[in-house]
Structure formats: structure tokens, C-alpha cells
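Take a look at the following structure, please.
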Amino acid sequence: MGDKEKKKKDKKSSNGDRVTLKKEIGLLSACAIIIGNIIGSGIFISPKGVLEHAGSVGLSLIVWVCGGGICALGSMCYAELGVTIPKSGGDYSYVTEIFGGLVGFLLLWSAVLIMYPTTLAVIALTFSNYVLQPAFQDCLPPYVATRLLATICILFLTWVNCSSVRWATRIQDVFTVGKLLALVLIIVVGLIQICRGHYDALRPSVAFEFSQEPSVGQIALAFLQASFAYSGWNFLNYVTEEVVEPRKNLPRAIYISIPLVTLVYTLTNIAYFSSMTPEELLASNAVAVTFGEKLLGMFSWVMPISVALSTFGGINGYLFTSSRLCFSGAREGHLPHLLAMIHLKNCTPIPALLVCVSAALTVLPTLSRFTHNLINYVSFINYLSYGVTIAGLLYLRKKRPNLVRPIKVSMLIPITYLIFWAVLLGFSLYSEPVVCGLGMVIMLTGVPVYFVGVHWKDKPKCVYQLVERVTYIGQKVCYVVFPQQDLSETEPLTASKATD
């Protein structure tokens with residue numbers, strides 16, 4: 001940081017002003033962040049992939065219910081970690097605290113390089129496709145139009161997130177309610193169909209007729225498809241430092257949100273099968289739109305608009321949380337220090353937001369369409385991160401037994417999750433060795449980057465001068481400073497280190 005910036009920061013401190021992340025996320029907003037990040041484009045795309053790999057309607061519904069149950073187990077473990085290590089950054093912060101810098105950096109590397117930019121770009125592209133769908137009913141929307149609208153959407157929400165944490169959380173609250181209403185519409189229409197006797201595909205004798213011979217590998221891939229729709233259940237842990245009373249509201253939000261989403265997802269899939277045969281669902285590229293066209297008649301335009309609103313909220317949620325991951329990584333010294341700074345007045349991590357957006361906009365033009373291989377790839381990396389993090393919970397129990405734990409889950413919960421995790425990843429790797437193996441390779445490319453960029457401390461003086469100059473210019477352009485950390489939430493953590 002430059003001398004001018006240090007003087008400015010000292011002057012601010014002497015005046016009694018405190019530049020820190022604002023705690024503006026209450027219980028309602030916390031639930032909205034979890035639900036809003038889970039319910040994005042996945043529930044409108046993944047049903048096709050789940051049914052394709054499960055091979056029958058009955059087994060696909062079992063996968064959706066069990067997928068929610070597994071998320072519930074994982075979220076309980078994350079609730080303990082979130083209140084034990086009350087830092088923003090989620091998986092990355094916990095793994096770095098428990099296993100050290102290299103393992104944490106590898107999770108950060110795969111998330112920042114591939115997972116979040118790709119997912120953000122895909123959700124934005126889904127948004128633009130559904131918005132433009134009513135105007136191009138007989139053909140696909142133009143390539144340039146979809147990319148342009150997706151870019152405008154990302155840039156607008158970036159401006160909102162840079163301007164105010166409160167604005168970003170209010171958008172998340174409103175659009176979470178909107179996307180829940182869209183799914184409730186599907187569920188209600190589906191239940192009406194069932195009451196009228198249209199449930200042939202749901203009869204047990206028909207529901208478990210397999211279109212292909214079921215195998216453990218295919219079932220594992222079905223779970224990966226479902227897990228994409230459930231991804232985001234851990235995102236509140238990325239913004240722990242901005243949650244009001246995190247030791248109370250973080251676990252409460254998790255316990256409310258995960259069962260609600262599981263119920264909604266299961267009922268939504270039942271509704272789909274009340275109006276579509278398995279063959280029709282597999283042939284559809286937009287399940288919700290096909291559902292609307294069959295049952296809503298002249299009001300079928302409601303479905304693409306509802307999906308667009310759902311994905312709009314999903315983009316906002318991904319921007320909000322992924323920027324905090326970059327912020328946390330920079331604060332640990334794993335990314336440039338500029339990304340650990342926040343706006344002097346708005347208290348928002350503007351540099352981290354701009355990096356996340358730049359990565360997503362770089363990926364956006366290269367995406368021709370959403371593929372199930374991409375879902376499998378992203379889900380595999382996600383599950384890998386979840387498993388390492390929950391294994392860290394068990395390791396932390398043994399390594400630091402005296403650590404203050406406001407929540408302490410039964411040992412059976414992380415053990416059960418890890419058994420399922422190992423089976424799922426093992427058979428997924430066996431069934432899709434190229435797709436899943438590619439994820440492992442990309443993650444491991446972070447090893448040399450870590451040793452050169454982070455571990456190597458005696459770099460040439462010119463490198464440090466260049467970094468300092470770029471940081472100083474970035475501070476002036478973005479009007480950002482290092483935040484003061486709120487030690488009140490981390491005192492139990494630091495105090496316990498001395499006793500262990």
C-alpha cells in the first residue's frame with residue numbers, strides 16, 4: 001500500500017471512523033441467500049440429466065429426495081464449521097485454517113479459475129435465452145443478442161453489488177420470493193393435473209420401468225446432475241462476517257432453507273411428470289417452457305419469464321458470494337492484496353467483484369450451449385471441495401478438541417456424508433473418467449502456481465515494486481482501503497488456539 005493511502009487510512013482511523021464489512025444480513029436475507037443461490041437455472045435444466053442417468057421416473061425422484069438429504073447432512077457440518085471458524089470464504093477459509101495454505105489455495109484456484117466464472121456465465125446465458133424466448137418462438141434467439149443481454153445483466157448487477165450491500169441483499173430477497181412463486185405455480189398446476197387423474201407416469205408399476213439397465217455408475221452421475229441444482233447450499237458461509245449474529249442466524253438459515261428447497265424440488269419434479277411422459281421430458285431442452293406450453297395455454301409466456309427472474313436472482317447471488325471468496329483469498333495472501341480491499345464509503349469489495357465479473361465475461365463468448373458434461377464437471381469439483389472440507393471437520397475435532405464449538409454435530413453425520421462422498425466420486429470417475437479427470441488435472445495445475453506466486457518469498461525487487469504500483473493505482477481508481485477486522489467474532493477462535 002502506498003504512503004498516501006497509509007496517511008489517508010490513518011487519518012480515517014484517528015477520526016474514529018471504522019472501515020469494515022457491514023453486518024446487514026439478517027435471518028430473512030440469510031435464508032434468501034441460500035435459497036436464492038440454490039434455486040437458479042438447475043431445477044429447470046437438471047431434471048433431464050437426472051432422468052437420463054437414473055433410467056426411470058421413480059428412481060429419479062428418489063435421487064432428488066436423497067440429494068436434498070445429503071445436502072442437509074453437509075449443511076449441518078458447515079453450520080458447525082461456520083460458527084467455529086467465523087470467517088468469510090466458506091470452504092476455502094475452513095480448509096486453509098485446518099490443512100494449511102496449499103490445500104486451501106487449490107480449492108480457491110479451481111473455484112476462481114473455472115467453477116464460478118463458468119457457472120455465472122451459464123446462468124447469465126440461461127437468463128438471456130429465456131428472456132428472448134417469447135420474441136423468437138419459432139427459432140433460437142440470435143447468438144449476439146443472447147451474449148449482449150447476458151453481459152448487460154452481469155454488468156448491471158455488478159454495479160448494484162459495488163454500490164451497496166443492502167441493495168444486493170434486497171434484490172436477493174425479492175427475487176428469491178419470485179422464483180419460489182414460479183415453482184409454486186408449477187407445483188399447483190401439477191397437483192391439479194394429478195387430482196384430475198393425470199398421473200400415469202407416477203404409478204409405481206410405470207415409474208420403475210427402466211429405459212436402461214441401472215448401474216451404480218449411472219446412479220452416481222444422476223446424483224451429480226441433481227447436485228448441480230442443489231449447489232449453493234453452502235454459500236451463506238462465504239459471507240459469515242456480514243451476517244448479523246452469525247452464531248445464531250447461520251445455522252437457523254441452513255435448517256430452514258435446505259428442507260424447504262428439497263420439498264420444493266421434489267414436488268416440482270412430480271409436477272413435471274404429471275403432464276409430460278419421460279420421453280417428452282428427455283426430448284425437451286427447456287423443461288419448464290414445455291410444461292407451460294402444455295398446460296398454461298395463452299399464459300405459457302409466464303414460464304420463460306419466471307425462469308428468467310429466477311436466473312437473474314441466481315446471478316446476483318453468485319456475484320455476491322464469489323466476490324467474498326476472492327476477498328478472503330486475498331486477505332490470506334493467496335491473491336493480490338488489492339482484492340482484499342473495500343470501498344471507503346460503501347464498504348463493498350469492488351476489486352474482487354470486478355475480477356469475478358471479468359472472468360465470467362471472458363468465458364461467456366466461448367459457451368455455445370449448456371452441456372450435461374459441464375454439469376458433471378462442475379458438480380465433481382464441487383463435491384470434491386465439500387468432501388475435503390467435511391474431512392477437515394473430523395481432523396479439527398482430533399487436532400484441536402478444546403476449540404470453542406457453539407454447535408457440535410454428531411460424528412455420524414460427517415462420517416455418513418464422507419462415505420456417500422467417496423462412493424459417489426469413485427463411481428463418477430469410473431463412469432466419466434475424461435470429464436471428472438479433467439477437473440482433477442485443472443485443480444492440480446494450481447500447485448506450481450502456489451509455490452511460485454505464494455510460497456516463494458524472495459522474488460526480485462522489481463516484482464514487488466510492480467505489484468505495489470498496480471495496487472496503488474487500483475486503490476485510487478476504486479477508492480478502496482484495507483478493512484478493519486471485527487475481532488469480536490473471532491476472539492473464541494484465537495483464544496482456543498492458546499489452550500490447544
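The backbone N, Cα and C atoms fix where each Cβ goes, and this holds for glycine too.
Residues annotated as transmembrane segment in TrEMBL: 25-45, 57-81, 102-128, 148-168, 180-199, 219-240, 252-275, 295-321, 350-368, 374-397, 409-431, 437-456.
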For the transmembrane segment (409-431), I need the partner stretch with the highest count of C-beta pairs below 8 angstroms, choosing only from 25-45, 57-81, 102-128, 148-168.
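Ranked by Cβ pairs under 8 Å, first place goes to 57-81.
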Residue list, the transmembrane segment (295-321) vs rest of chain: Cβ under 8 Å, 6 or more residues beyond ends.
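Residues packing against the transmembrane segment (295-321) from afar: 33, 36-37, 39-41, 44, 90, 116, 119-120, 123-124, 126-127, 130-131, 133-134, 153-154, 157-158, 160-161, 168-169, 171-172, 174-176, 178-179, 181-182, 185-186, 189, 193, 232, 235, 238-239, 275, 286, 288-289, 353, 356-357.
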Taking the transmembrane segment (374-397) as the reference, which of 25-45, 252-275, 437-456 gives the largest number of Cβ pairs under 8 angstroms?
437-456
For the transmembrane segment (25-45), which stretch among 57-81, 102-128, 252-275, 437-456 has the most Cβ pairs under 8 A?
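Selected stretch: 252-275, with the most Cβ pairs under 8 Å.
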Taking residues 6+ outside the transmembrane segment (437-456), which of them lie with a CB under 8 Å of any CB in it?
101-102, 105-106, 108-110, 113-114, 333-334, 377, 380-381, 384, 429
Checking distant contacts: for the transmembrane segment (252-275), what same-chain residues at least six beyond its ends satisfy Cβ-Cβ under 8 A?
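That would be 27, 30-31, 33-35, 38-39, 43, 47, 57, 60-61, 64-65, 67-69, 71-72, 75-76, 78-79, 180, 183-184, 186-187, 189-191, 193-194, 198-199, 201-202, 229-230, 233, 236, 281, 287, 291, 294-295.
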